[in-house]
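First up is the structure itself, then whatever we jot down about it.
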Amino acid sequence: MAPQNLSTFCLLLLYLIGAVIAGRDFYKILGVPRSASIKDIKKAYRKLALQLHPDRNPDDPQAQEKFQDLGAAYEVLSDSEKRKQYDTYGEEGLKDGHQSSHGDIFSHFFGDFGFMFGGAPRQQDRNIPRGSDIIVDLEVTLEEVYAGNFVEVVRNKPVARQAPGKRKCNCRQEMRTTQLGPGRFQMTQEVVCDECPNVKLVNEERTLEVEIEPGVRDGMEYPFIGEGEPHVDGEPGDLRFRIKVVKHRIFERRGDDLYTNVTVSLVEALVGFEMDITHLDGHKVHISRDKITRPGAKLWKKGEGLPNFDNNNIKGSLIITFDVDFPKEQLTEEAKEGIKQLLKQGPVQKVYNGLQGY
């Protein structure tokens, strides 16, 4: 073999050995850069989990493997210590670590029984009893509505576990016929039950990840299937988190628009001013006025409102209403005359119906 070909072969061999040692590229699997934040990682997992779930891809023989790779990538990159190990030593450095079930990871985002694709509610068999649904108000800030977030909720969930002994189950009403004599019968209704293994309810700690999507609206619900009240003879109900947006001290939400008030001095109102408003994510919205600003004047800043829930690329407006702070001290006669001379404005005392716009 020629020296040049031998050199190329060795380099290729080293590359292959390195790839095997390095293991899977978890960042590539999740489709995020190595600098990705935990929020980016969670968002990527949630999106891909819906796409790659084996139930959604029954004709793909690699669906299970892809889903397992996705779960492994999330488990490592969502844990700061495991991520540090992975960044330093690759997947080989994690071999001795504990690995979670990928189904457990999935249930943290969607609940115990997965989800119904296409957004349809799960179908309930009328013959199978079902526990009650639980609705929990989840308070979110306007900052979270603007930028999105993942909220971790820890709850103690009652879970049915096997216990010693037997119990009555599947009880139902049945008609019994008793012969009292020739041509005489008596019909009675009795409760008939089957005998089932005994169960007891045990509280187990569950951690759920609720994604607060940008632009989420008050009253929207995020369902977690099978996370509601248990039923010893059937299926548990669902848990639904209902969004409740808390009031903000600076901004008021109306649809996708944000409203706020700015108070300026009388001098600023007359001669103009410049200022910055700190937005919900910390960026500055610059305001520059070189005209007279009247009390109640409004300024529209397009694209500085909240993202639209259905299309985050569309944002509402920021509507700023100006208030003018007049001097609280009385003016001297000399100051009054000076203002009259400066403004050169005579009396304007017009009485009209302001509510009708006349």
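Residue 1 is the first one shown; counting continues down the chain.
Glycine too: its Cβ is placed from the backbone N, Cα and C atoms.
Quick look at what Swiss-Prot annotates:
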- 1-22: signal peptide (SIGNAL)
- 25-90: domain 'J' (DOMAIN)
- Thr188: phosphothreonine (MOD_RES)
- Asn261: N-linked glycosylation site (CARBOHYD)
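For Asn261 (N-linked glycosylation site), the same-chain residues lying six or more positions away in sequence with a CB closer than 8 A to its CB are Ile320, Thr321, Phe322, Asp323. Over the domain 'J' (25-90), the average per-residue pLDDT in this prediction is 84. Break the domain 'J' (25-90) down by DSSP state and the numbers are 48 helix, 0 strand, 18 coil. The 10 Å shell around the Cβ of the residue listed as 'phosphothreonine' contains 9 further Cβ atoms across the protein chains shown.
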